[in-house]
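Annotations for this protein, taken from Swiss-Prot, read as follows:
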- Ser10, Thr45, Tyr122, Asp228: substrate binding site (BINDING)
- 181-182, 215-227: ATP binding site (BINDING)
Amino acid sequence: MEPKVLSIQSWVCHGYVGNKCAVFALQHLGIEVDPINSVHLSNNTAYPTWKGESLTPNKLGDLFQGLEDNHLTSNYTHVLTGYNNSVQTLHTVLKIVKKLKSENPNLIYVCDPVLGDNNELYVPEDLVEVYKNEVIPNADYIFPNQTEVEFLTGIKIKNDQDALKAIDQFHKMGVKNVVITSLFFDTNPNDIIVIGSTINDDDNNNKYNQFKIKVGPKFNDYYTGTGDLLSSLLLGWSIREPTDLSLVCEKAISILYNIINETHNSKKSIPSNKEKQYYELRLVQSRKFIENSEIRFKSEKL
């Protein structure tokens, strides 16, 4: 079956976050994707103001019902979910995932549990329990950042071993593939650490295949949408390399780093009076990195 993704997350008119990233990246990897926009805003919320609306659970259900009524749901091979801002909407998303899995038991669910960053939540706190107890146990892949891992597991991560303990909790919830997408350790102040783990299907003594990737030097600037973009790149490369999570991460992370670097280098053309929230990822200008990816950062086994 030809890969086809249903992506349920946010959309902005200007800039690149959520589905605006995912659709671009997946299509440039040659993958069909249908977006459902859980939120539709004028721009991301780092700007001084924004306008728009959230999709209600009923309207989300209606959109999916329209796809079902026209027999368009049986061809989905993957579901990608990202930002959702209410328990009710998240429950509706989960119903959609379960419905699709009932139609296609081989369907892969990729969950980016968007909760927060930099030690803070930017969604209602009750979403944490819904993700932990209901959503994540149904996922085949999860791509949380450090803040999200700490809220979901209760483990404060200061080193590799802490990260692996948290990952073990996710595996016990039923998730086969886990990638913590950004870790910051005092021992590596100039790098971002990525740690991944997949349950080993082979009959040997190694229960998990685990690895880490050092990414650096890190950029001091903050760009919105990087996590959303990385999730879509990880999904895209997992379709190409379904049995090699470390290679998937090497490819996706290298692409993302090159895109951020392209964006960073373009700042000199931005007026000095502009605040950093105006710096949007230069996806169109960086499409060559998606289409012709070279590995920039190699993984090491843990």
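Cβ atoms are placed via backbone N, Cα and C, with glycine included.
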Taking the Cβ of Pro217 (ATP binding site) as the centre, count every other Cβ atom within 10 Å, in any protein chain shown.
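Around the Cβ of Pro217 (ATP binding site), 9 other Cβ atoms lie within 10 Å.
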I need the neighbours of the substrate site defined by Ser10, Thr45, Tyr122, Asp228. Which other residues of that chain put their C-beta within 8 angstroms of the C-beta centroid, in sequence order?
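Leaving out the recorded residues gives Val17, Gly18, Val39, Asn44, Tyr83, Val114, Thr224.
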Measuring Cα to Cα, tell me the gap between Gly225 (ATP binding site) and Ser10 (substrate binding site) in whole angstrom.
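So the alpha carbons of Gly225 (ATP binding site) and Ser10 (substrate binding site) sit roughly 10 Å from each other.
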In Å, rounded, how far does the Cα of Val215 (ATP binding site) sit from the Cα of Asp228 (substrate binding site)?
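With the alpha carbons as reference points, the distance is 18 Å.
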Quick check for the class: what is the C-alpha distance, in angstrom and rounded, between Ser10 (substrate binding site) and Pro217 (ATP binding site)?
30
Quick one: of Asp221, Asp228, which of the binding-site residues has the smallest count of other CB atoms within 10 A?
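Per-residue Cβ counts within 10 Å for the binding-site residues Asp221, Asp228 bottom out at Asp221.
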Taking the residues the record says bind substrate (Ser10, Thr45, Tyr122, Asp228), how far apart in Å are the two Cα atoms that sit farthest from each other?
15
Give the number of CB atoms, excluding that of Thr181 (ATP binding site) itself, located within 10 Å of its CB.
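The Cβ of Thr181 (ATP binding site) has 27 Cβ neighbours within 10 Å.
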